[in-house]
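Student: Pasting a structure here, questions to come.
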Amino acid sequence: RSLNRRLRGTVIMGLHPKAMLAVFSTIQLITYLDRGIMATYLGYIQDDYNLSSLGAGTLAGAYMVGYMLASPAFAHFASRMSPLLLMGVGLTAWCISVIGTGLSLEYGTILLARTGTGVGEAAFACMAPPLIDAKAPVAQKSLWMSVFYIFIPVGYAMGYLVAGQWHSSGTVSGSFAWRIPFIAIGIGLAPFVFFVFVNSTDKSLTYAKKALNGRPPETASESDLVGEESKDEGGLSEALLEHKGSDPGPTVLEHVAGDDPEDSTKIAFLDTDAPDNTSTSIEHERFLDKLKLVVNNRVYVLIILGYAAQTFVVGGFAYWGIRYVENGLHLSESVATLSFGGLTVATGVFGTATGGWLLDWLRSRAVTPEMSEDIRVMVGAERATMMITFCAALSLPCCVLGIGLNSTAMFFLCVGLGQSLIFMCLTPINSCVVWITPYRVSPLALALSVLANHLLGDAVSPIIIGALLDRTNKDWRAVFVIACLWLVWPIFLWLPAWRFSRLSLANAEAISKERLC
């Protein structure tokens, strides 16, 4: 406590954590509102531009190109420039692109506009989660992340509902009916982009700031950005600061990760090979060094590959789900929009919130105040990998049965349960990515995660499903069953990730006990 009191004067106060969470969550909502609107109006855009199902699917996944080009640059410069400044630049490009979607005159221009939306996502998706994790109370990190990620399914579903009700109202007819919502949300995000720019000089939000307790920036973790306003009331943060003292020395994780890089039981949660001079070494660190640091983490690679496989199925449902309910279950357009949108909202809110709460609960059962920060990180990673493995194993049969039985009631019951289990993985996955990578490269780790999600997931699944529909003469049930079978990959990938996490935790605990003795 005495150490913590001495540090109080050095903490940089900036944007209030709850205000930051509220703004980031609203931006998340609006960006995925665009995705839901696009999915709802995909058929109308296909008719207006006389596209095949493959062409429509390509349009749905065009943002991937913009993301792939922009994400490495944003992630790399996050340690050199203000994250909020970079985020504001990307979101400005997003606003222009979404408005351009509504003003497009031909397929080429709308394809270019949809590609531009990926630039905005590249800036926002890789920078916001580490800042939220850093500012969240220690005992509620997963809950805060779940609040942020809950707006992905909510945004999608609201896009379905808003677009469907707007079209059904008949206020505007013809192609203008689908253009106006895009223009409206592009303008609607502008005040939040302005807010981001105004706060871009906040010195407390940087990935290269020195640690409060004198640790060099090369080994600084997310706890180094936690301000006094975000510490938990249980005294865990103070206990950790007092435990580490002014000279923390080598961490347990450095011992676990530093001996034999080829040992599959040892995972580099911290960068032990980083330069040890000043913060300028972070600012001038090469991109390839950061990339190597991230991709050498086996647990990280296994998690994001499984995540991409889940996203393949979720992305296919998002863009073709309403039309499946219309054509496969033979419901009217308005009923299909309301029912599928309502199912997405319900499962997204329940699954994401439950996943965040459950992960915090699982961590609290295993963490004690006497544990070092390193061990707490590894406990969180082990609990997260355990949780997503079980959820993946249960989601596969639910989704296959829901589609295969060809019953409206079973579809909403089983697929709803399967989607809930998939959304329960959302917060543990992204929290684990932040926890198991050095904080300064968390933006790059998240950027690569989202890149894999899009490249192997929701950017290609609409195209593949569209091509299968063309090839099978619109056999909706067969195509969707095939898509659901892709959920077997997360099970195969996350089981070894869980095993590696358990072995690393056991090694770290053994080393910690030896040092105490």
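Backbone N, Cα and C atoms are what each Cβ position is placed from, and that goes for glycine too.
From TrEMBL, here are the annotated features:
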DOMAIN    20-501  domain 'Major facilitator superfamily (MFS) profile'
TRANSMEM  21-44  transmembrane segment
TRANSMEM  56-77  transmembrane segment
TRANSMEM  84-105  transmembrane segment
TRANSMEM  111-131  transmembrane segment
TRANSMEM  143-164  transmembrane segment
TRANSMEM  176-198  transmembrane segment
TRANSMEM  299-320  transmembrane segment
TRANSMEM  340-362  transmembrane segment
TRANSMEM  383-403  transmembrane segment
TRANSMEM  409-437  transmembrane segment
TRANSMEM  444-469  transmembrane segment
TRANSMEM  475-495  transmembrane segment
Student: The transmembrane segment (409-437) and the transmembrane segment (143-164): do they have three or more Cβ pairs under 8 Å, with pairs 6 or more apart in sequence?
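Tutor: They are in contact.
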Student: Mind checking which residues reach the transmembrane segment (475-495)? Cβ under 8 Å, same chain, six or more beyond either end.
Tutor: 302-303, 305-307, 309-310, 312-313, 316-317, 320, 323-324, 327-328, 385, 388-389, 392-393, 395-396, 399-400, 403-404, 406, 418, 422, 425, 461, 465, 468-469
Student: Give the nonlocal contacts of the transmembrane segment (84-105) in its own chain as ranges (CB under 8 Å, at least six residues past its ends).
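Tutor: Non-local partners: 27, 31, 34, 38, 66, 70, 74, 77-78, 112-117, 119-124, 127-128, 179-183, 185-187, 189-190, 192-193, 196-197, 199-200, 202, 205.
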Student: Where, among 21-44, 56-77, 176-198, 383-403, 409-437, do we find the most CB pairs under 8 A to the transmembrane segment (444-469)?
Tutor: 56-77
Student: Tell me, what is the mean pLDDT of the domain 'Major facilitator superfamily (MFS) profile' (20-501)?
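Tutor: Average per-residue pLDDT within the domain 'Major facilitator superfamily (MFS) profile' (20-501): 78.
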